[in-house]
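Chemist: Feature annotation from TrEMBL assigns domain 'Glutamine amidotransferase' to B:29-188. Residues annotated as active site, nucleophile in TrEMBL: B:C70. Annotated active site per TrEMBL: B:H172, B:E174, in sequence order.
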Amino acid sequence: MLAKRIIPCLDVTLNEKGAMVVKGVEFVNLREAGDPVELAKRYDEEGADELVFLDITASPEGRRMMIDVIERTAEQVFIPFTVGGGIRSIDDINAILSAGADKVTINTSAVKNPELVREASEIFGSQCIVIAIDCRRNFDLSKGENVVTLEDGRKAWYEVVIYGGRKPTGIDAISWAKKVEELGAGEILLTSMNRDGTKLGYDIPITRAISEAVNIPVIASGGAGKPEHFYEGFVEGKADACLAASIFHYREISIAEVKEYLAERGIPVRW
Amino acid sequence: MNYGVGNLKSISKAVDYVGGHAKVTDDPKEIAEAEGIILPGVGAFKSAMENLKPYKDLIINANVPVLGICLGMQLFATESEEGGLHRGLNLIPGRVVRFPDWVGKIPHMGWNQIRIVKDHDVLDGIEEGSFVYFVHSYHFVTEDKFVLTKTEYGIEFVSAVFKDNFIGFQFHPEKSGKVGLRIVENFVKMCKR
């Protein structure tokens with residue numbers, strides 16, 4: 001049986017010590033969590049099903065240094081390895097895949113230039129093109145295409161945001177998800193800004209709505225704080241994979257504990 | 001073998017990691033002298049067969065272990081339905097077909113289990129039901145006598161094949177954690193024999 005995937009995410013930046021994994025709340029207040037190569041190796045050993053590495057510096061000079069970090073990380077892991085952050089062109093994708101990544105995630109550039117998604121999936125294959133969608137609830141219902149009912153009965157639509165959540169786009173997240181599938185995306189990495197870093201659990205209404213709207217795998221992201229949240233992400237959110245960052249970095253919970261919790265409740269996980 | 005498709009780095013890294021020595025090459029002379037040949041493969045069947053043309057005889061006549069991964073395995077078949085009907089290397093009689101739409105999301109992507117149908121040196125130490133990593137939309141249909149493992153995804157499909165010195169995996173051992181590394185190690189040992 002196909003296993004549900006647990007994916008640790010490394011948000012990596014550069015500082016005076018070199019490359020460093022960091023994690024903030026709702027994309028701000030970054031806190032250091034350790035060396036990316038060491039963390040990646042640890043997660044592979046602890047049973048992570050896949051690794052996501054996000055370059056959050058994404059400046060041109062940072063990118064060149066980051067390629068070296070990606071290369072060293074790839075040498076340590078023998079599970080699927082996805083890299084994203086600041087990807088703008090086919091050349092950027094080529095450089096990252098050549099450094100040893102298996103997939104790339106594209107976010108802002110996909111919104112600004114949807115043709116990049118089509119071109120990239122034609123050249124490299126859909127299986128390695130993951131589209132990251134960051135979104136935020138918008139209660140001005142006159143502007144959204146797909147209105148979703150929230151847990152508390154309120155209604156909202158989800159707006160795609162770019163530049164690390166700083167810029168709203170006016171684009172409806174559900175419509176955008178269908179569009180990237182059409183363009184050839186192989187997977188969707190969905191982050192709700194309303195939950196990212198909060199440890200309140202994944203944003204179930206949008207995760208479920210997008211999982212039901214597309215026929216490609218959806219990775220839920222943002223808000224995991226305890227094993228129950230992963231269970232909700234898979235069962236209520238219908239996600240194919242659940243991603244988390246800080247709770248794994250700071251050893252608040254281990255990947256094994258999450259998998260044990262899920263297995264006891266009948267969710268197929270890989271051992 | 002570098003024949004212009006796929007991620008060569010992951011598999012060569014895995015071979016080195018388990019104590020082998022991987023050489024990524026497109027030089028027919030080097031391939032002919034190798035102790036084992038690996039055909040990786042990501043991409044489309046038709047263009048892969050075209051790229052493979054100059055090496056066809058080299059592979060068919062190889063007397064060292066030959067490992068095909070994913071599309072590399074599918075190339076061993078008689079023919080494939082991917083993008084029209086195309087002839088393969090015909091090393092293992094069979095046809096490559098697409099998953100029916102009703103099985104679920106296609107490609108079949110992620111970690112799934114193998115049921116071991118036949119004992120083989122390349123599966124030494126691999127437990128029944130082990131999880132391995134798959135990414136594919138097409139699968140290999142062949143006679144039972146060529147089947148090493150099967151996997152369930154809506155239907156039961158063939159996830160590993162063999163015939164003589166040819167071994168093929170639909171999954172990616174280089175991306176399958178400890179289980180995958182053990183398989184790569186087993187293959188490297190077969191090459192040294």
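Any Cβ shown, glycine's included, is placed from N, Cα and C.
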Chemist: With DSSP assignments reduced to helix, strand and coil, which class does B:C70 (active site, nucleophile) get?
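Modeler: In the DSSP reduction, B:C70 (active site, nucleophile) maps to coil.
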Chemist: Looking only at the domain 'Glutamine amidotransferase' (B:29-188), report the model's average pLDDT.
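Modeler: Mean pLDDT for the domain 'Glutamine amidotransferase' (B:29-188): 95.
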Chemist: What is the interatomic distance between the Cα atoms of B:E174 (active site) and the residue listed as 'active site, nucleophile', given in whole Å?
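Modeler: Roughly 11 Å, rounded to the nearest whole number.
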Chemist: May I ask which residues of the same chain, at least 6 positions away in sequence, place their Cβ under 8 angstroms from the Cβ of B:H172 (active site)?
Modeler: B:S10, B:I69, B:C70, B:V132, B:Y133, B:F134, B:V135, B:G180
